[in-house]
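Chemist: Sharing a structure with you now.
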């Protein structure tokens, strides 16, 4: 039989003693029940072993071990003692502990059976442990008692303060709420055992936030405690709530949390205009819907409670101005509704109202929730362009109107007080044909060219009016001119008519139906009258019948037509219209005599041109076109060869005394002068084309001499005539390159300031030639003057 107990121990704060008794194996041998120490025989041990593995009756008296948590001593905490009745105290019994925490949290003395806790226990982490104990024969290792299970429970102490797991809290309550209005409920949790003592019994209190709010000590519900709390005065509150265990008694643990409470807005403040009078101005040229100014009514509320709606309730400008509400900034925007005129009215007065559209019935006594202000608007004068009256013109003009006829008087005036003079003109982009002209001062619109309805029936022109003193102010008006039709076009055949008559035709046979067209468009419609021309009135071969439907029939008057007698007849037909005046024209019908078969089908006519197209095949037409193309190519080749055969001018070196044009600098340059310009480009531009393309024109470097060239200077007649001939040739030759620059080379020779620099006419000795004049030619001839000028004995140049 197991016995287990816990003796009184100073380590136990409450001095508890707990005993646990295990009753089992009541049917064991007498030796075991009596607790005899006589050893069992081998057979008895086998029987005992067999009985242990067979059905055994057990009678348990079950008690639990209890141990306090949070033990702070240095020695292991004694839990209890296990003892077997078979233990005679000689150490032959070995106690073994297994299960939850065995060997880690709890240990057992295998000889005495004492159980100790070797770690600090926390009920909030684990409230109980289930273990198993067994007594073994220390020598054989065989179990002396069946394995038994027991529980060690951890006993709670108040070691955890209440905690607000959801804190800090944020809440909101409408302003002006009545006392006792619920705001938010806070909850604190205590980890101690709520079934043991008052360790987990929590009581709520308010540490900060009075006298505005209160808290229910049992439920933690926060309510308003002060009436008429105004958001506009104070909007945010910080409330501190405390939760204390042990029912709030002294020694209990406490925890706190913060509740941030804000007052939400209600519409308890009416709008008010900070200004009772507004002064605004607007230009009279302001377009429709342009902004004049803004008004604003202040509302201490926010959000939907501060929304405004502005309206015009009175004033003399209700139909001229309008007001709209800006939903973002809650301001009233006054805009132009109709065109303004400084000359008509210089100022307006408006009464503007601002009101809250969303009202709360319980605060109507704080109203009225609307306010008004007065707005004075001044219209400022601007220099406006001339205005036409009327704003559009429509003119009808007959097409036979004479040039210079006034068809309309265009009138415009300056709307400003100054009433400046007006000058009229036509926008030429609207009248590119320049059919019209407007008098600059009177505005009389006149025709400048003949009008023709059949070419242009409508003219849309723009007439401009400009202020004389301020040309930048220009007004415009559209003038639509409709050109009315007059009977100025005679009717004519709709197409070229050509008829055929058979040799076997009978008298009265229809050979052609003719019709006419007229470019005119009379209001009563077109009607044409047909008759033979007077010279053919008694035509013996053909006659005409007017069908009175703008068509006429051509009939044979006789039979017996013969090709060998006359193969072609020309029949003049007179066509008249119904206009005023009546106009007529004569058209000619060509009639060919052909041989026909018995059914009247044309077989052949003398006019091959009329039969040939009928019999030509597609291949024949292609061949004809190919021949024409070949002929064109040959003509182009011939023209190209003629151009290439054109011979250039042959330069006769004996007659060409101007072989090169020499460009002189300060002094002679030798070969550089001879290469300055190639006159071959003047003799034959085609041969020097590549040279001309690469050449860059240069300004003459001796500009000082060119300024002194007299106007009466005359070139050599041969050169002059040659240049004129080449000029004429270039003008007549369409493929000649253009020579747009004129180069003048007159820096030497007869007629120039330097006269002739040639040595051909010089004397044989230098002593007979005087070069003193070189000193007067400037610094460019300084070197020559030093070389050839006279000097005195001291070396000074004379």
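Backbone N, Cα and C atoms are what each Cβ position is placed from, and that goes for glycine too.
Unlike curated entries, TrEMBL annotations are predicted automatically.
What TrEMBL records for this protein is below:
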DOMAIN    84-164  domain 'Cadherin'
DOMAIN    165-273  domain 'Cadherin'
DOMAIN    274-388  domain 'Cadherin'
DOMAIN    389-493  domain 'Cadherin'
DOMAIN    493-615  domain 'Cadherin'
TRANSMEM  620-639  transmembrane segment
Chemist: By DSSP, what is the split of the domain 'Cadherin' (84-164) into helix, strand and coil residues?
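Modeler: Counts, helix then strand then coil: 0 helix, 36 strand, 45 coil.
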Chemist: Do you know the mean pLDDT across the domain 'Cadherin' (165-273)?
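Modeler: Mean per-residue confidence for the domain 'Cadherin' (165-273): 90 out of 100.
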Chemist: Provide the three-state DSSP residue tally for the domain 'Cadherin' (493-615): helix first, then strand, then coil.
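Modeler: Summed by class, the stretch gives 11 helix, 55 strand, 57 coil.
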Chemist: Going by DSSP assignments with H, G and I as helix and E and B as strand, what are the residue counts for the domain 'Cadherin' (274-388)?
Modeler: 10 helix, 54 strand, 51 coil
